[in-house]
Amino acid sequence: MTGEKIRSLRRDHKPSKEDGDVLEPCEEEATAALGGAFTGGRSGPGGSGKGGKACHKIFSHHHRLQLKAPAVPGPGVPAPPQHNAVTATCPAPACLGGSNPALVADGGGCPSLYPVHECVFKGDVRRLSSLIRTHNIGQKDNHGNTPLHLAVMLGNKECAHLLLAHNAPVKVKNAQGWSPLAEAISYGDRQMITALLRKLKQQSRESVGEKRPRLLKALKELGDFYLELHWDFQSWVPLLSRILPSDACKIYKQGINIRLDTTLIDFTDMKCQRGDLSFIFNGDAAPSESFVVLDNEQKVYQRIHHEESEMETEEEVDILMSSDIYSATLSTKSISFTRAQTGWLFREDKTERVGNFLADFYLVNGLVLESRKRREHLSEEDILRNKAIMESLSKGGSLAEQSFEPVRRQSLTPPPQNTITWEEYISAENGKAPHLGRELVCKESKKTFKATVAMSQEFPLGIESLLNVLEVIAPFKHFNKLREFVQMKLPPGFPVKLDIPVFPTITATVTFQEFRCDEFDGSIFAIPEDYKEDPSRFPDL
């Protein structure tokens, strides 16, 4: 392993699970979950050893593979169908291979609805190359799989590469919450994992570029302001409670420029890394120069770029192939809000001031963190090594102490040839699809998340405006979690104080303490003249 930096990836759908997105950390084994959670800068103020960064990456890369909360439809609004615009019709139950009411209800098991899926399943590359021009290759079948999912799970590499060449979505997840990249890791073909990883990064860059004009327009229409919020992290794991940080963040917004000042660089080596950090977004600059992070203590800066070297990609593939496949989803399917009560004898709705704003407090009910962990692609040696690392961390050790050097991983022996027919697969009951690919070794867990949220009608900023600001500073992962949580259907008002699950064993209380309309000196959005560029100061940004 070279001294090249390794950066973590980022990553939807309910897991029955590379966002969402879904992220992903969620494991009742506290230390394992936290390993996935702690991402960020170097292991020390001046840098880090390559072994520490590599080991750290094991537990952070799953962010590309999801924690995205599914959108909560309004009352009486059905969830949108996943079928694509194929003109074929399904005449009668005969087409469904029976009278399964679940299939009849959504047309799910009708083979004629999924011609692209069928030719991928059967490995018919010639027909696929014809259909691909006129059909939606991102369509999900009744099991939530896209054609790319099937191509990867069945090892149909020619079909997979053809789909990728036509920009088939990589981040999308099936009904079990797994992305094509996750399935590729399970199958174990290194070339396919690399191709999917590169396409995922390309699509992420394109998505950012597509959103940029809308985001700049929204920022321009939003007034200038100063916003201060406080983060307080907690955990139900005793050892972690002592090391979790708190942070006061200051956000300055002027025109289409944003500056975020924070003292929390990130979680690293099972310890919080503190510093004096500023994140600057300059909407007037070229996209490649819009994002800058300043280390105000060392007086250096780094531009946030999205390109990675060939070596970095290969190293990341090594780590993907030697780590658990992780999925976590924040399920809001049964979420509800009830007014919090106060008083001993005479109960009344709780209303208090949060900072300068009067707020109504609500209890958040039915919020469930669902997680899955797969390791069918790992050898016994891999599992023992990863377990030893986590045990060391749980006893207070650091990643830097682990002399971890991931070796170049070779492709695994393919799983046994698929014996399931297309008709058997597509007519299977929803949620009970026959398994394709390597035999699963999967552990599942669910954790009910208890939270409160304080909503204020007095706060000057609207939720939509907040979402636009948070979208800009999404490279900071805990802010991205805040954005995902706020996207839920909340009670009336603005969430001036709320609890959010940052990771399976870690929650954060976020408090919006101050807001004021203001104007600032333009110099605060510029790189100071005495700062020097350090392209590798923040390897995970």
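Each residue, glycine too, has its Cβ placed from N, Cα and C.
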Phosphoserine according to Swiss-Prot, picked from SER8, SER204, SER309, SER411:
SER411
Please work out the number of neighbouring Cβ atoms within 10 Å of the Cβ of SER411 (phosphoserine), leaving out its own Cβ.
13
Helix, strand and coil counts within the repeat 'ANK 2' (143-172) (DSSP):
17 helix, 0 strand, 13 coil
